[in-house]
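Chemist: Below are the structure tokens for one structure; questions will follow.
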Amino acid sequence: MHFFYLLITDKNPYSKNKKKIKNIYSIFRARFCLVRVYLAFTTNFFPWLTIIVVFPIATGFFIFFLPHRGNKVTRGYTIYICVLELLLTTYAFCYHFELDDPLIQLAEDYKWIDFFGFYWRLGIDGLSLGPILLTGFITTLATLAAWPVTRNSRLFYFLMLAMYSGQIGSFASRDLLLFFIMWELELIPVYLLLSAWGGKKRLYSATKFILYTAGGSVFLLIGVLGIGLYGSNEPTLNLEILANRSYPVALEILFYIGFLIAFAVKSPIIPLHTWLPDTHGEAHYSTCMLLAGILLKMGAYGLVRINMELLPHAHSLFSPWLIIVGTMQIIYAALTSPGQRNLKKRIAYSSVSHMGFIIIGIGSITDTGLSGAILQIISHGFISAALFFLAGTSYDRIRHGYLDEMGGLAIPIPKIFTLFSILSMASLALPGMSGFVAELIVFFGIITSQKYFLIAKILITFVMAIGMILTPIYSLSMLRQMFYGYKLFNGVNSYFFDSGPRELFVLISILLPVLGIGIYPDFVLSLSVDKVEAILSNFFIENFHE
């Protein structure tokens, strides 16, 4: 570079064709910059995760500056941003993530606020990889599902993009305080989406949602500050450092209870679940897709990432209670769901029931059970999002949300009927679907656990089996009330148009992964198998030293 600079200056008396040399210098400099950009994109030093986290909310602000030409420009821009974000995430993970490495990858560590010693720490491993990809996939489809939204569409789509950043930031955070900030960032858009674009009781459900989640966040903040400030002259909130710390048993139990309450609200775990049916019953179905597909999974992710990985002694003590509560949750929600008149509330209670399998898998303390719980997180994210989308598209046609006012829909909308039936079968764990494989692996996890006596394992398995028998009762009765029998409602039009290309694209895009995971589950299990082994090996080592 310096050589070319000397050639084009007046200090070189031998230069006869300075214009030509300047052109050569410009070309060389441009190619050098391109090489630097190429090296940045093909090495791990590029801030991939920061861009992936910040990109949705940063580009979302430009929505308010788009020209006023109806909703077409806003919708197209938002979908373009979501697709671009999903492609960027997929590229970064495919080319820069090694599946056989259980350590943190794509790590970023920047000092943010000097006064507090606050760092912007991001990183992913096999545990966070699946939820991040699920977030991108479901959010993109939820944005496409929100196509009919016309009232204040700019704010609506901006809130969806802000929620997108908060969810990915929660899964990618490697600093406890950053995790808490992303956790709260994700709650604010949900409250606004509920209160502005919900049903008749939207303000009630939004208020109930924010009271429950804000109350849980108080316990989360206390736990974050307590675990970060304990036992060191220099406080740290780095998850890698905290994973190697030990605490007095009583203090660790207190930390565990605080985090457990926070994550139990979000998962949800009974009896802190009552906000969920009301929220789903009143929210727009695109918001329901994000709530059921991603938000509930953040609570289960927190149980593994913080309660299990950072506090193994307390988790060993509480794991039997987790299994008992998870088993009760499966039975309770399965018995409560058939009594719900509201279609979305019935699906919401089925979500509560299926989350019980995740809790049992986490409490089994086996690699099989934990792998089944992680697989259930991904599987249920797809299935629940599809069911809520189908419930919403059905409501758009008949303008009725109560099952006892429906009937005979199979003839006017056969495509929706077919897809609703297939995905309901996936929800009740039909063999060949992802739900069957996930719940079966959780079964094997609890059976092979060395922590519990044989009688206890047989009893738990028996009760779980009863829950699986109850699931077809409320799923098939839902299909019967909606699609079979006589037409019981008076719609706006005597003719209902069936699913269009947009709706079919959303449903088939979700159905294909459900079938793919059901046929070849190792595709998802291979993402986290090394991380699961690392968590359990450290878990048993620490318990052994105790």
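Just so it is clear, glycine is given a Cβ too, placed from its N, Cα and C backbone atoms.
No curator has checked TrEMBL annotations; they are predicted automatically.
In case it helps, TrEMBL gives these features for our protein:
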- 45-65: transmembrane segment (TRANSMEM)
- 77-98: transmembrane segment (TRANSMEM)
- 118-143: transmembrane segment (TRANSMEM)
- 155-172: transmembrane segment (TRANSMEM)
- 173-462: domain 'NADH:quinone oxidoreductase/Mrp antiporter transmembrane' (DOMAIN)
- 178-197: transmembrane segment (TRANSMEM)
- 209-233: transmembrane segment (TRANSMEM)
- 253-276: transmembrane segment (TRANSMEM)
- 288-306: transmembrane segment (TRANSMEM)
- 318-335: transmembrane segment (TRANSMEM)
- 416-446: transmembrane segment (TRANSMEM)
- 452-474: transmembrane segment (TRANSMEM)
- 504-521: transmembrane segment (TRANSMEM)
Chemist: Where else in the chain does the transmembrane segment (45-65) make close Cβ contacts, counting only residues six or more beyond its ends and a cut-off under 8 Å?
Modeler: 74, 77-78, 81-82, 84-85, 88-89, 92, 96, 106, 108, 120, 122-124, 132, 154, 157-158, 161-162, 164-166, 168-169, 172, 182
Chemist: Report the listed stretch (77-98, 118-143, 504-521) having the maximum count of Cβ pairs within less than 8 Å of the transmembrane segment (155-172).
Modeler: 118-143
Chemist: Report, as numbers and ranges, every residue of the chain located at least six residues beyond the transmembrane segment (118-143) whose Cβ falls under 8 Å of a Cβ in that stretch; write 'none' if there are none.
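Modeler: Distant contacts of the transmembrane segment (118-143): 49-50, 52-53, 75, 78-79, 82-83, 85-86, 89-90, 93, 97, 99, 102-112, 157, 160, 163-164, 167-169, 171-175, 177-178, 237-239, 286-287, 289-290, 293-294, 297-298, 301, 304-305, 374, 377-378, 381-382, 385, 389, 506, 509-510, 513, 524, 527-532, 535.
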